[in-house]
């Protein structure tokens with residue numbers, strides 16, 4: 001795909017909706033399939049210049065992306081290790097993104113949120129249009145809403161919720177420009193998110209963030225999100241919460257409730273780092289590299305987890321009519 005065509009496609013695929021009462025940026029990704037279905041991949045915690053099997057995961061993503069004829073890719077953060085980007089000219093952008101995800105099927109829009117490692121660098125660089133000019137696929141914001149037919153995605157910047165990043169940052173330096181004062185930032189974000197969810201007429205509501213809410217991984221539950229974000233998700237009948245942060249693949253959920261999906265296996269994995277969890281809820285825990293796919297129709301949302309070799313680890317379908325989870 002030529003650069004000119006790619007840039008043109010980007011502007012065809014993203015329309016900014018003005019006049020919203022919410023401060024959250026709203027975009028629309030056009031539905032292109034005749035049946036209105038939507039297919040996409042989710043990967044997180046990946047940006048290591050191809051190392052730690054990132055290139056192998058990218059290769060399998062390309063194969064699956066072609067099979068599913070994906071519409072776009074979602075990144076759940078920690079896009080560039082170890083400390084984000086130094087600026088919008090940082091060669092790590094090409095080394096970890098443009099030169100890695102080269103398969104033709106991955107030449108689609110990428111919608112990204114920031115992870116804690118991204119906040120350790122220059123945040124504005126990842127949000128910059130300069131990167132989009134370098135690679136038309138790249139789109140990253142702190143928080144935004146993406147509408148695509150029957151699905152509405154709510155991308156949430158979960159980093160400011162985490163208290164220890166402010167009170168005990170250890171030897172890390174975080175770029176909190178445009179976030180402070182923190183309490184006001186969080187309050188405004190939750191208000192705007194709740195407003196947009198209440199206005200939504202979408203059949204499916206998916207929330208995307210970096211940090212886990214229900215997770216048996218090393219980082220564990222993010223209590224600040226449980227206390228502040230989960231009530232809004234439950235009140236607005238969100239179907240899925242998709243995250244990274246823990247370097248593994250997980251599916252946690254009960255029938256009729258929000259399903260919590262972790263896809264943080266884009267590169268370096270944490271072998272053996274698993275905490276105890278109710279086996280009735282823990283449908284999958286895989287401590288290796290991989291990614292996931294989702295295929296959404298009017299009646300079902302099917303998600304599949306793949307390892308670094310492309311093997312299917314787990315698949316499940318959420319039925320909209322019964323709001324139940326049916327393992328295959």
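Every residue, even glycine, has its Cβ placed from backbone N, Cα and C.
A quick note: this is a predicted structure, and the numbers were derived from the prediction, not measured.
Under the heading signal peptide, TrEMBL lists 1-22.
Summarising the annotation, TrEMBL assigns domain 'Calcineurin-like phosphoesterase' to 39-248.
Annotation comment: TrEMBL describes 45, 78, 81, 247 as Fe cation 1 binding site. In this view, residue 45 (Fe cation 1 binding site) is surrounded by 31 other Cβ atoms within 10 Å of its Cβ, with every protein chain counted.
All protein chains included, residue 245 (Fe cation 2 binding site) registers 28 other Cβ atoms within 10 Å of its own Cβ. In this structure, residue 245 (Fe cation 2 binding site) belongs to neither helix nor strand by DSSP; it is coil. Sequence annotations record features per position, and here TrEMBL assigns Fe cation 2 binding site to 78, 116, 210, 245.
Long-range Cβ neighbours of residue 122 (N-linked glycosylation site) (same chain, at least 6 residues apart, Cβ-Cβ under 8 Å): 84, 85, 86, 87, 88, 90, 175. Feature annotation from TrEMBL assigns N-linked glycosylation site to 122.
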**Message:** Distance check, please: Cα of residue 116 (Fe cation 2 binding site) against Cα of residue 247 (Fe cation 1 binding site), rounded to an integer number of angstrom.
**Reply:** 13
**Prompt:** Between 0 and 100, where does the mean pLDDT of the domain 'Calcineurin-like phosphoesterase' (39-248) sit?
**Reply:** 98
**Message:** If you count CB neighbours within 10 Å, which one among the binding-site residues 210, 247 has the smallest count?
**Reply:** 247
**Request:** Fill in the CA-CA distance, residue 45 (Fe cation 1 binding site) to residue 245 (Fe cation 2 binding site), as an integer in Å.
**Result:** 7
**Prompt:** Using an 8 Å cut-off from the Cβ centroid of 45, 78, 81, 247, can you name the remaining same-chain residues around the Fe cation 1 site, in sequence order?
**Reply:** 44, 46, 47, 48, 115, 117, 244, 245, 264, 266, 267, 268
**Prompt:** How big is the Cα-to-Cα gap, in Å, between residue 81 (Fe cation 1 binding site) and residue 210 (Fe cation 2 binding site)?
**Reply:** 14
**Message:** Just to verify a number: CA distance, residue 210 (Fe cation 2 binding site) to residue 247 (Fe cation 1 binding site), in angstrom, no decimals.
**Reply:** 11
